[in-house]
Ligand SMILES: Nc1ncnc2c1ncn2[C@@H]1O[C@H](COP(=O)(O)OP(=O)(O)O)[C@@H](O)[C@H]1O
Ligand SMILES: CC(=O)OP(=O)(O)O
Ligand SMILES: [Mg+2]
C-alpha cells in the first residue's frame, strides 16, 4: 500500500505544501506559495527530492516570481502544476491521502478526521474562533477536494493535542452559564507541532517522552508555550482563539479584557475594529512597525527604541510563561524552542532565559550560537533543566496522522 501523502497548510496569504513518503520520512517535494491575491505572488519550490526532513523555511530549490495566484483556487492550481512538472508528478504517484492543517477543531474534533461535507461545515462554523486561520484552511480543503476527488482528505487539528488539558487549565473564570452556552473555554493551538517536537526532544535526550516534563515554546508567526507532562498537554498559553498568551508577529497575546471595553467606550471602536486591532495590527508589528523578528533586530541594532522595547516585551512574556509552567509541572526536564524564531534566534533564546540559573535553567552561549538546522542542546552539560532547539515539522506530522486515518 502507498504511504505517500500530500500535505496542505493553507494560510491567509500563503499555502505551504509537502509531498511526503511517511514510511521512510522522505520529503519528495515541498514548497510555499506566498502573497496569494497579489500580483507579486511567488512560489518557492524544492522538488528535487532532497531527502530527509529538514524543518520549515529550508527551501533550497527554485523561486518562481509573479505566478498567477489571485485566490486559493488559482494558487492550488499553480502548486499542482508545479508538482506535476517535478521529479514526482502526482499523475505517477499514488496518494494515500491529502492531509490538511486545520487550526480550530473546537469541541467536536479531538482526533484527525476524514473530511466529508459535514466536517467541512463544522470547520466553517468554527471560523469565528480562528478568523486568521480557519477560513483559509477551509478554502484549501474545498479546492483540494474538488481537484483530487478520489483521494481521502484528512483534517489534522491544531487543537486536538490539547484535549488533554485538565478543567483547571481550560476553564476561564467567566460566569459559567454564559461560558457553557457559547463554548467559551481555552482550547490551545500549535498542537501538531508541539506533539511532534515533544517526541523529537525525547529522542534527542535519549529518553521516553512518557518520562519527561517539557516546556515547549513554539515561536513562529503565531507563538505559544505549552507544558507537556509525559507527552500530554497540561497547560498552554493560547485560549479560545489563537490570540492569548505570548507576543506574536501581529497579535497582542495576553491583554486585560478590560482594554476592549475601554477602547469601545473611549475610542468608539466597533467589534470588528477591535478584532482587527488585536489580531492584525498589534504584537511586534504594533510595537515596532515590523512583524518579522529579523527586521525588529535590525531596527533595534540601528538604535530604534520602539524595536528595542518590542523585543524586550517579547522575551519578558516568554520568560513569564517559562516560570508559570515550571510551577505547573513542578519540575521540568527541558525547555524546547521551536518554529521560525525559536529555531533561528539565539538572541531571543538567551534573553528569554537569562538569570534563571537558580531555577536550573541556563544557556551556553557557544552552543546557542550554533546555526545548523538539526536538533541540538544549548544548555551546559549537567544542567538541571536541558534547553533544546528542535526544528518543528508540522507538515510531516500532518502526513503521519493523515496516513493513520486513511489506512484505518
Ligand atoms: N533567522 C531568523 N531570526 C529570527 N527570526 C526568524 C528567522 N527566520 C525566521 N524568523 C521568524 O520566524 C517567523 C516565521 O516563523 P514560522 O514558524 O515559519 O511561521 P509560520 O509557520 O507560522 O508561517 C518570521 O516571521 C520571523 O519573525
Ligand atoms: C495557531 C497559529 O497561531 O498558527 P500560526 O502560528 O501558523 O499563525
Ligand atoms: Mg506556523
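Note that Cβ sites are derived from N, Cα and C of the backbone, with glycine treated the same way.
Noted in TrEMBL for the protein shown:
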- 9, 394: Mg(2+) binding site (BINDING)
- 101: substrate binding site (BINDING)
- 39-48: compositional bias 'Basic and acidic residues' (COMPBIAS)
- 190: site 'Transition state stabilizer' (SITE)
- 251: site 'Transition state stabilizer' (SITE)
Of the recorded positions listed (101, 251), the greatest number of other CB atoms within 10 A surrounds the CB of 251
Including all protein chains shown, what's the count of other C-beta atoms within 10 A of the C-beta of residue 9 (Mg(2+) binding site)?
24
DSSP on the compositional bias 'Basic and acidic residues' (39-48): how many residues come out helix, how many strand, how many coil?
0 helix, 5 strand, 5 coil
Taking only the recorded positions 9, 190, 251, 394, which one has a CA atom nearest to the CA atom of residue 101 (substrate binding site)?
9
A correct count of other C-beta atoms within 10 Å of the C-beta of residue 394 (Mg(2+) binding site) gives 28
Excluding its own, the Cβ atoms lying within 10 Å of the Cβ of residue 190 (site 'Transition state stabilizer') add up to 30
Please state whether DSSP places residue 101 (substrate binding site) in a helix, a strand or coil.
strand
Cα-Cα, residue 394 (Mg(2+) binding site) versus residue 251 (site 'Transition state stabilizer'), nearest Å, comes out at 21
Name the secondary structure element type, per DSSP in three states, that contains residue 9 (Mg(2+) binding site).
strand
